[in-house]
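Colleague: Before I ask anything, let me first share the structure, which is written out below as structure tokens.
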Amino acid sequence: MKRNSGSENHSKKDSDDKGKTHDKSESKDEEGEKDETTEKDKETPAKPEDTQSKTESKSSSRKAKASANGSDTAAGGAGSGSSSGGSRPKPKAKPHNIVELPEVYPKIIALPISRRPLFPGFYKAVIISDINVIKAIKESLDRQYPFIGCFLFKDESMESDVIESKDQVYETGVLAQITSNVYTKDSETGVETLTTVLYPHKRIRIDELYPPSANASSEAEVSDLETPVDEGSAGETEIIEGITGEKEGDEPKKPVEPSEIISAAEKEDVSDSLISPAEEEDNPTAFLEKYPITLVNVSNVEDEKYEKNDPVINSLTAAILEVLKEMSSLNKSFSDQLATFSASLHSDIFNCPEKLADFAAAVTAGEQNDLQEILECQDVAKRLEKALTVLKKELMNKEMQKKIEKDIEERMTKRHREYHLNEQLKWIKKELGIDDGREKLIAKLNERAKKLNMPPDVKKVYDDEINKLQTLEPMMSEFTVTRNYLDWITQIPWGVQSKDNYSIERARKILNDDHYGLQDVKDRILEFIAVGKLLDKINGKIICFVGPPGVGKTSIGKSIAKALNRKFYRFSVGGLSDVAEIKGHRRTYVGAIPGRVVQALKKTKTENPLILIDEIDKMSRTHSVNGGDPSAALLELLDPEQNNAFLDNYMDVPIDLSKVLFVCTANTLNTIPLPLLDRMEVIEISGYIEDEKIKIAEKYLAPEAKKHAGLEHVHVDITEEALKTLIKSYCRESGVRNLKKQIEKIYRKAALNVVETVGDPEGAEAEEAIEASEEREIEKREAKEKAAKEADSGSEEVNASLGEEADSKLEAATSATPEGVVPEKKTPTEDKEVKNKVARIVVPDDYKVDVTPENLKDYVGPPIFISDRLYQTTPPGVVMGLAWTSMGGSSLYIESVLEHALTRDSHPKVERTGQLGDVMKESVSIAYSFAKGFMASRFPENKFFDKAQIHLHCPEGATPKDGPSAGVTITSSFLSLALNRPLRPDVAMTGEITLTGKVLRIGGLKEKTLAAKRSGVKTIIFPKDNEVDWKELSDNVREGLDHVSVDWYSDAFKVLFPDITEEEGNKVWKKEFDKLKEEEETERQRMREYRSL
């Protein structure tokens, strides 16, 4: 069931479109004439106060309906409330000499209403599409019974003309009279609809509902619904004569009351009735049962009685009137409605508050449930209260709407004023010959674009934007946005590339000069260059360096760029949580910029730079709602199959990144998403051993720190023995970052000692020192210039015509200079800032300081690591294991002790401490079970695990520990405790164990081996499956270590306990268990004696 024409939205926009029609009353009984205004989508008040009279009998009802055909009853105007949006004529005021509505009704048509209920006294237009309902209404009008019941659907989304179940609608509705009908027919589809205007009289309640009958004939023999419609005019409407006798063009009339029809029917009889008089006497609406429509038996819903001067009702009435006055001030059309409603009342509004409540509900766009509650409420005071609530909500909406309209109007006025002022300013500038600089800007951008080899689609975008810029005024914000975009699009080096250098020898020299060791990385880079030399091009690659901090991952990226003669750009994604940092911001607001990749191209001014993405494993894992997932954005960036058309959100044009060499760095692979990791070639960089650290310190770290401390020409040196002590006692980490800090600290202390020893120069000595230092600087500068001329450049210069800084400086200089004035030229000496000359200390040549192991603590403090190992002599149950972390390898001790002496009351138990993870907890359980089984098979008389309460601990409990490589170490700890034999302190082991004793493969063997060497280990035990990894280690790493690869734990047991026999193992706890047996025997003897007594 359509409800378009019956909607009751009463916004200002709708209210302004309402038509107004005035009609004069022809009844002599009327006391005056009142004009009434109706809105298109609102119910209109028209019903005056009823005059009470007696109820007519049912027999009179039949005659009234038969004779009403010729009566002149009032009805609404034709087409009132239709979807065409036309105005609806106002109904006349109802006469006073009518009969009261009957108390009991026959079966009537039940019409469901959508979205909002009808209220007594207010018109409502509805559209009916069900052909059976239309036919039933047609016959009802022919029989002069124009009354139907209207009930609201509970579900707002339901659209139907029939009610299938009583649960679909609210029980309380209204008895409505059909005042006029408009039939339409679509010439193409043939679908017929009826738009009927209803006038609700009273509240009614469903007593019994008769849903559509399946046996009812849908082809009732009744007259046609409408006059034939012209097939050529789809949707044309025609007014059909109804019970009112109105014709097209007639003034609409006030709806009649059912009692009026009853009284009129007494004068005339119906001879052509389709139903026998007897049947009609018992069931006046029996003719409706042949239609498959919904019929209902209803009863009146009367308002509860109330006191005329009830203070609560009077207060609520006054409050509603006050709100209505406020709403009238906001909406002129609403003011007319209120005036019409007031004119329809023949008494004081305080004498009929129930009508005021219905009016307030009818003119508001409240919620369906709220309006239905008002309709169902029989308590007038509560009805007024609910109506006041809905009305206040409507007032708030009106006030908000008024405020919004005012703001919009003010903004439009402001823009209009700005436009006129800009036009005037433009005319004034034109008359004065003042240029706004737009032409110069466009010429500058076009000059940049000519030097670039833009792709066709990018060129088209550039041309469109430059044409747009020419039409914009410089004062407009959009001008700034467009100018910035064009500036960015001309800063990207389209078609500009640096020439790669394919010299293997040069690349090897650069890599060796910058880094010590890292042979795997250097070989991979040389392979990359060799392939490029054969293909005469280097395709973009994605390489990921993984290793502990301080091993040179970032610096190796710089060396690769230097070896390939490529520009270098680095940005970090550590903690990054916004995709816009990678793909740029959209140009929807002022201040948007492209992503980091586009910024890299602008900075390097080449299409093929080396971009280093640092800390790729530390991107934020908690993705915000708006920020997105930056790792997902990197999938497109780091995919060689996709990055040839990378789309930045700001640039919005495809950018070719296939020639870019991407290098990523990470400390661990565990936090990198697998799809992203799959796109990268991973190269692992392990930590440095002591020998490598010494070489790096002597070759790189010490000379650089000495230079930065101002001791380049002073004889202050760190001996090799001091470096060994520094590495061994202070810097045991995998990288060299901490070692660099300690060396810099040594030279800073040495600089302080030099200044305190030599002293500050004064007077003539200071001047001589300044001259000497200046001469030294000149000599150094000349030596550098000479070396630069002799050095091989190895590459062509990159096209620098797109220099942003030079253009901006030139533009600033020209704009700041008045016309006709030539700027003065400044000499370089005048343009330089005057610096305070500092008298440098001239250190005598015989001054010499050597940092040795003996005086090292004077520079860096007492040593941190006093010994190589935590235990110089390990007690039983203590074993050294090896662990791997993102910081590199480290040694990890496992300690097991016996909590209590073995007594008769002891029970086996294992307690675990040391902040162990779930994996290590499982390793403890597996190792404990295996150790008990191993002891039972090897040393069956050793009953240690039957009574032992063991406490297993991993030192440094503040550090979380987890991983699948501690099984062998934990098992050895349990067996060492069970056999009461300590292990060698220079033995370390790694590997996971199963319940059967199988030793499984582990990872990070190189890092663990380095950690073993730093801890002074001589023998290392690892799984046999890692034998291949051991052979790949360099000789200097394996030097000084004896390795034992084991497949089963029994192989490791032979190495750890080489000289123990079965007899010795069985006798370890023999005394304790013999004592337990004696105690048990004594106890049993005592119990036997006790029983004998």
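Including glycine, each Cβ sits where the backbone N, Cα and C put it.
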Colleague: Can you check which of 374-401, 542-569, 682-709 TrEMBL lists as coiled coil?
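Modeller: Checked against TrEMBL: coiled coil maps to 374-401.
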Colleague: Which residues, same chain and not among GLY547, PRO548, PRO549, GLY550, VAL551, GLY552, LYS553, THR554, have a CB within 8 angstroms of the centroid of the CB atoms at the recorded ATP site?
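Modeller: The answer, listed by sequence position, is PHE545, THR665, ASN667, ILE685, SER734, GLY735, ARG737.
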Colleague: Given LYS1008 (active site) and GLY547 (ATP binding site), what distance in Å do their CA atoms have, once rounded to a whole number?
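Modeller: With distance taken Cα to Cα, GLY547 (ATP binding site) is 13 Å from LYS1008 (active site).
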Colleague: Using all protein chains shown, find which of the recorded positions THR554, SER965 scores highest when you count other CB atoms within 10 A of its CB.
Modeller: SER965
Colleague: Expressed to the nearest Å, what is the distance separating PRO549 (ATP binding site) and SER965 (active site) at their Cα atoms?
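Modeller: Just about 23 Å between their Cα atoms.
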Colleague: So if I measure Cβ to Cβ from VAL551 (ATP binding site) and keep only same-chain residues at least 6 apart in sequence, which ones fall under 8 Å?
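Modeller: Spatial neighbours, sequence-distant, of VAL551 (ATP binding site): ILE685, SER686, GLY687, TYR688, SER734, GLY735, VAL736.
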Colleague: Return one of helix, strand or coil for LYS1008 (active site), based on DSSP.
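Modeller: For LYS1008 (active site) - judged by DSSP and reduced to three states - the answer is helix.
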Colleague: What whole-number Å value do you get for the CA-CA distance of GLY552 (ATP binding site) and SER965 (active site)?
Modeller: 28
Colleague: Highest Cβ count within 10 Å among the binding-site residues PRO549, GLY552: which residue is it?
Modeller: GLY552
Colleague: Let me make sure I understand the structure: which of the binding-site residues listed (PRO548, GLY550) has the fewest other Cβ atoms within 10 A of its Cβ?
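Modeller: If we count Cβ atoms within 10 Å for the binding-site residues PRO548, GLY550, the smallest count is at GLY550.
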